[in-house]
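**Student:** Mind looking over this structure? Questions follow.
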Amino acid sequence: MDVQTLTYLFVGVSFALYIGIAIWSKVGSTREFYIAGGGVHPVVNGMATAADWMSAASFISMTGLIAFLGYDGSVYLMGWTGGYVLLALLLAPYLRKFGKFTVPDFIGDRYYSKSARLVAILCLIIISFTYVAGQMRGVGIVFSRFLEIEIEMGVLTGMAIVFMYAVLGGMKGITYTQVAQYCVLIFAYTVPAIFISMLVTGNPVPQLGLGSEVADTGKTVLETLDTVLVDLGFNAYTEGTKSTIDIFAITAALMVGTAGLPHVIVRFFTVPKVSDARVSAGWALVFIALLYTTAPAVGAFARINFINEVNETSYAETPAWFKNWENLGLIGWADKNGDGKVQYRAGAPFEGTPSFEEDKRGPHGERVVVNTATPSANEVYVDRDIMVLANPEIAKLPDWVFALVAAGSLAAALSTAAGLLLVISSSVSHDLFKMTLMPEITDKQELLYARLAAAIAIGVAGYLGINPPGFVAEVVALAFGLAAASLFPAILMGIFSRKMNREGAIAGMISGLFFTVGYITYFKFMNPDLNTAANWFFGISPEGIGTLGMVVNFIVAYGVMKLTKSPPQEVGELIESIRIPSGAGAGHHH
Amino acid sequence: MGTENKDGYWKANISLLLKLLVIWFVVSFGAGILFVDFLNQFEVLGVKLGFWFAQQGSIYVFVGLIFYYTRRMRKIDEEHGVED
């Protein structure tokens, strides 16, 4: 069987599995739709959380980022795992004890205010839509590269699948498809990683391969990379280029942002008991760590392989993957010195991302790049996102591995998209309609609204996937920054401070939100030329500004609280109740 | 449940939290960021120590922290009679 057939087979079988689960898990009440009836086993929930959390960004982009950033890539590894410690220790058990359906539910009840609930809905929707646009784009890229289908068709297929299990099965359908998707994605990630680790170092465990010697050289993987990269004019792989304060702020923003993401938090509403919420966070991190500790090894191997295969190779002799990705516009080569060979060096090869002349080929058969060349000796542009997808080809692995990676990246993108769409739809049907606008609707009507909201959200997400706003990459920072600066502090103070009141929490969320959005907009969209360390507050880049936004939130909230009335008696009782585990109403088993 | 018992339970919880968060901070922000250059003169499993903490070690410690927390909290819950 050729690669194409195999890929169709793998993707087809995995999709059939998801649809089967969708039909099996059809739900009949809002409690099942929002939180799967509260009866999910903690290990199962841990696995579903891992798939929910690990998106196209984790599966496709992160390894490439680490490969090209080296030590600086650590911010993603620590940031996207350390958040689970905060979640397990500071939020999950208490929110499970609270025992309702959504994050705005908690903020609305704890701060006895519809306005607080509305601000929380606003934050949730901005965060979740920016995030889901990226997932749908990931689906489109995979379809177009692996199945050679138009991006539009790819996105539509993805939408249809998510529609089936999210609209029919709600949280219950999503939970069990996420378990299946986790299995697909972790298998698809680790199999090529083991192959590549064997090829490069002879050690089958990638985590150990990272420190092993490159076959027949007597130097370890990282030593080899350090030497090679310095020779080519890059920084050493194990040393960063970002300032310590920026690394610190980005890591903190990603950690706190992770803990504040509504689609992750809400997963902990689905387990039967408070102690289950704690242990479930532990299992989630185990399942995440399997991929996250493998990623730095894969990144390092990929960078070595990339340099070996491409640098100083004549264009005619470059491997097929190089030309395939060039055809998609994700690799671009300009033969600046006219020697017909690809020189890979530090610095941008030309300004911006490559634009090509239609249907024209250069003297060596390459696509003709029309961008203005830079003075650097580098001739090749490579999109970081292709590393994981190209890895099986670069390492010359068998065709079925290639097909597996396609199915895995789709699983990663779809599982996260579904989780996001669910929190969007439940915040609309539950928080906006049932709790704010039309409290008189029945459970059946609310369920119908939830399904409608999910369907509309899928439509919007699909539209964003087909017509991606140019700023998708930039807005991921926004999603984390916003979660860190708005929702996380409000929830944390709601649990750990008896005195924090409505006025303080609302003022805190709004100022955190505006500060963070303002800073990111100013540097990313209004004045991209000024986006350099010299102009940043305390040398903190827009990616890390959520950390400062969080501090702003805490300070404003505290100041306003001091000047306004303390919360009413009932809130004191609510706080007492969420602080102890006993009495957390049991869920039912599936 | 008496107020005294509740306060005792909450204090025990907070003191455990703070200890674990100190470790959380030390392995990531400490070993992986603030002291990374100093630690890089040592080596573990063929990788510079600071770099290893930033890309491997901190994650292993995070996992351990959460499971230790769930075990300790179960004990504290039982001691104060508030287990679920």
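Each residue, glycine too, has its Cβ placed from N, Cα and C.
Fair warning: this is a prediction, and the values are worked out from it, not measured in the lab.
Among the features that TrEMBL reports, transmembrane segment is placed at A:6-24, A:77-95, A:116-134, A:146-167, A:179-200, A:247-269, A:281-302, A:400-426, A:447-466, A:472-492, A:504-522, A:534-560.
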**Student:** Where, among A:77-95, A:116-134, A:146-167, A:179-200, A:447-466, do we find the most CB pairs under 8 A to the transmembrane segment (A:504-522)?
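**Tutor:** The stretch I would name here is A:116-134.
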**Student:** Could you name the stretch, out of A:116-134, A:281-302, A:534-560, with the greatest number of CB pairs under 8 A to the transmembrane segment (A:77-95)?
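**Tutor:** The listed stretch sharing the most Cβ pairs with the transmembrane segment (A:77-95) is A:281-302.
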**Student:** Pairs of Cβ atoms less than 8 Å apart decide it: which stretch in A:116-134, A:400-426, A:447-466 has the most with the transmembrane segment (A:146-167)?
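**Tutor:** The stretch with the most contacts is A:447-466.
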**Student:** Where else in the chain does the transmembrane segment (A:400-426) make close Cβ contacts, counting only residues six or more beyond its ends and a cut-off under 8 Å?
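**Tutor:** For the transmembrane segment (A:400-426), the sequence-distant neighbours (Cβ-Cβ under 8 Å, at least 6 residues beyond its ends) are 3, 6-7, 9-11, 13-14, 18, 33-34, 51-56, 58-60, 101-103, 124-125, 128-129, 131-132, 135-136, 138-139, 142-143, 146-147, 158, 161-162, 165-166, 170-171, 174, 177-178, 180-182, 184-189, 191-192, 195, 262-264, 266-267, 388-389, 391-393, 450-451, 453-454, 457-458, 461.
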